[in-house]
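Asker: Just passing along the structure, written as C-alpha cells.
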Amino acid sequence: MSEKDVAVVSTTMVRNEIEFMGTPLSQTPECVTPGTFTAEDSSDSAYFNNAQASDEENSRQRHEFSLPPVDGGKDAWLFLSATFVVDALIWGMCFLLQFTFLNPTLSATLDSEILNCCGLGFPFAFGVFQDYYLTHEPFIGQPNIAVIGTSAMGVMYLASPIIMGFCQTFGRWARWGPIVGLLVMSLALALSSFASTTTHLIVSQGVLYGLGGSFCYCPCIMYLGEWFVNKKGLAYGIMWSGTGLAGVILPLVLQSLLSSLGFRNTLRLWAGLLFVLAAPAAVFIKPRLPPSATSHAKPFNLWFLVTPAFLVYQAANIVESMGYFLPGIYLPTYARSIFDVPSLSAATTILLVNVASVFGCVAMGWFIDRFHVTTGIMLSTIGATISVLVLWGLSSSLGLLYFFCIAYGLFAGSFTSAWPGIMRDIAQQAQHSSKGQVDPNMVFGFLCAGRGIGNVVAGSLSDVLIRSSLWAGETATNGYSSSYSSVIVFTGVTALLGGASFIWKRLGLM
C-alpha cells in the first residue's frame with residue numbers, strides 16, 4: 001500500500017477507538033483525509049517505503065473505511081425513518097395495553113365505543129384490548145386485569161437503565177438488539193393468545209413484551225447520537241412523533257381485527273405483522289461508527305446521578321409525569337358527563353391530543369437544538385400549565401375542550417422531546433469536572449426510569465383524585481365545578497413543577 005492508503009487505514013483505526021463519551025462526534029471527520037500521518041510519524045518507516053498498491057485497491061480501501069455523514073445523507077435519514085417506524089409500533093402496542101389499565105373501575109363504566117375510538121400510541125388512550133378483556137370470556141370477573149398494562153409500560157420504562165447499560169457495555173452485540181427484541185415481543189403476543197387467566201397475560205403481554213420492547217428500543221437511542229449531532233433534538237422529536245401518529249391509526253386497525261377474528265386470532269396475526277412490519281426497518285438501525293476491533297467491555301460512569309443538575313432534572317421529570325398521564329384517563333368521560341356528547345365526540349378528545357403531540361415533539365426537538373434545554377422545558381411548562389388550569393378548568397363548551405386537547409398535546413406532549421437537551425447539558429457539565437466523562441445514553445436510561453415512576457404513581461392516584469373533588473357542585477358548568485376538579489388542579493400543579501429546572505438554572509444552582 002502507498003503512504004496515503006496506510007494513512008487512511010491508520011487514521012480510521014484510531015477513529016474507531018474513540019468512545020462515544022469522549023471526543024464529540026461533531027469533531028470527528030466524515031471521511032479521513034489522506035496524508036494525516038507521514039512516514040516520519042511512524043516508528044516503522046520501512047513499512048511505508050516498501051508498501052505498494054494498485055489504483056483500484058486504493059479506491060476500494062478509501063470507500064471501505066469512509067464514514068457516512070452526520071446530520072443528513074441517505075444513511076442518516078434511513079436510520080431515522082426506521083426508528084420512527086419501530087417507535088410507533090413498539091410504544092403504540094405498549095400504550096394500547098396500558099391506559100385503561102390505570103383505572104379499571106372507570107373503564108368498566110365506559111361504553112365500548114369510547115374505548116374503541118380512543119388513541120393508543122400517545123399515553124392518552126383507553127386500550128381496545130382492555131374493553132375486550134372486561135367483556136369477554138374467559139377473563140370476565142378475573143382479578144388483576146389492571147396489572148397487565150402497568151407491567152408492560154413499567155418494565156419498558158424502568159428496565160431502560162439496565163438494558164441501556166448492557167448495550168453500552170457490550171456494544172458489539174447491541175446491533176442485534178432490535179431484531180432480538182422484535183422476536184421476543186412477537187413471541188410474547190403469540191403466547192398471550194393462548195392465555196386463559198390474567199396471570200398468563202401479565203407474564204406475556206406485560207413483562208415479556210416490555211423486556212423485548214426495551215431491548216428493541218435502547219439501540220435506537222444509542223445510535224441516534226452517532227447519526228445526528230447538530231440536529232439531534234430534531235431527530236429525537238421526529239422519532240418520538242411516531243407514537244402519536246400510531247395513536248390515531250392503530251386503534252381502528254386492531255378494533256376491526258378484534259371484531260372479526262376475536263382476541264386469540266388477532267394477537268397471533270398482530271404478532272406476525274409486528275415482526276413483518278418492523279424487521280425491515282430494524283435492518284437500518286445500525287451504528288454509524290464501526291465497532292471497535294477490541295472486544296473488551298466498555299465501562300460507564302454513573303456519578304452524574306448525584307449531581308445537583310441531574311437531581312433537579314429528574315425530580316421535575318418524575319413530578320411532571322405524575323400528572324401528565326391523568327388527562328388521558330378522564331378526558332372522554334369528562335366530555336360525556338359534562339357536555340352530554342356522543343361517544344365519538346368524546347373519543348375525539350384523545351385523538352386531538354395524539355395528533356397535536358406529533359407536531360409538538362418535532363417542534364420541541366427543533367427548539368432545543370437552538371436554545372438551552374431549560375428554556376424549552378419552560379416553554380412546555382407554561383403552555384401545559386395554562387392549558388390545564390385555564391382551558392380545561394374553565395371549559396364550558398366542547399369546542400373549548402377541543403382547544404385544550406390541542407394545546408395540551410402540543411406543549412405537554414413535547415416535554416420528553418427536551419430530554420436530548422438534558423443529556424447534552426449533563427455531558428457538557430461533566431467535561432468541566434474531574435470525575436470523568438458521562439455517557440448521555442445512560443442519562444436517557446435513568447430519565448426513562450423516572451418517567452416510569454411517574455406512570456406507576458399516576459395509576460395509584462387516579463381513583464383517589466376522582467373521589468376527592470375540591471369544588472364539585474350539584475350542576476357542573478365547567479371543569480372546576482365538576483367531580484374532576486382535583487384531577488385538573490393536580491395535573492396543572494405537577495405541570496408547573498415540571499419546569500423547576502428553569503428557575504434553578506436562573507438562580508445558578510445547577
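Just so it is clear, glycine is given a Cβ too, placed from its N, Cα and C backbone atoms.
Copied straight from TrEMBL:
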TRANSMEM  76-102  transmembrane segment
TRANSMEM  114-133  transmembrane segment
TRANSMEM  145-164  transmembrane segment
TRANSMEM  176-195  transmembrane segment
TRANSMEM  207-225  transmembrane segment
TRANSMEM  237-257  transmembrane segment
TRANSMEM  269-289  transmembrane segment
TRANSMEM  301-326  transmembrane segment
TRANSMEM  375-394  transmembrane segment
TRANSMEM  400-422  transmembrane segment
TRANSMEM  443-462  transmembrane segment
TRANSMEM  482-504  transmembrane segment
Asker: Using a threshold of three or more Cβ pairs below 8 Å, and leaving out pairs closer than 6 in sequence, do the transmembrane segment (269-289) and the transmembrane segment (176-195) count as in contact?
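Answerer: Stretch pair touches.
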Asker: Quick one: find which recorded stretch in 269-289, 301-326, 375-394, 400-422, 443-462 has the most Cβ pairs under 8 Å with the transmembrane segment (237-257).
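Answerer: Most contacts with the transmembrane segment (237-257): 400-422.
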Asker: Quickly jot the same-chain residues contacting the transmembrane segment (207-225) by Cβ under 8 Å, restricted to those at least six beyond its ends, or write none.
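Answerer: Counting only partners 6 or more residues beyond its ends, the transmembrane segment (207-225) has Cβ contacts under 8 Å with 20, 25, 79-80, 83, 86-87, 90-91, 93-94, 97, 151-156, 159-160, 163-164, 167-168, 174-175, 177-178, 180-185, 187-189, 191-192, 232, 235-236, 239, 278, 282, 285-288, 440-441, 444-445.
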Asker: The transmembrane segment (482-504) and the transmembrane segment (375-394): do they have three or more Cβ pairs under 8 Å, with pairs 6 or more apart in sequence?
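Answerer: Yes, the stretches contact each other.
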Asker: With pairs closer than 6 in sequence left out, are the transmembrane segment (301-326) and the transmembrane segment (443-462) joined by 3 or more CB pairs under 8 Å?
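Answerer: The transmembrane segment (301-326) and the transmembrane segment (443-462): touching, yes.
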Asker: Given the transmembrane segment (301-326), which of the listed stretches 269-289, 400-422, 482-504 has the most Cβ pairs that are under 8 Å apart from it?
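Answerer: Looking only at 269-289, 400-422, 482-504, the most contacts with the transmembrane segment (301-326) come from 482-504.
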Asker: Near the transmembrane segment (400-422), which same-chain residues lie under 8 Å Cβ to Cβ, leaving out any that are not at least 6 residues past its ends?
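Answerer: Distal contacts: 122, 232-233, 236-237, 240, 244, 313, 320, 324, 327, 331, 334-335, 339, 348-350, 352-357, 359-365, 368, 372-373, 376-377, 379-384, 386-388, 391-392, 394, 443-444, 447, 451, 495, 498.
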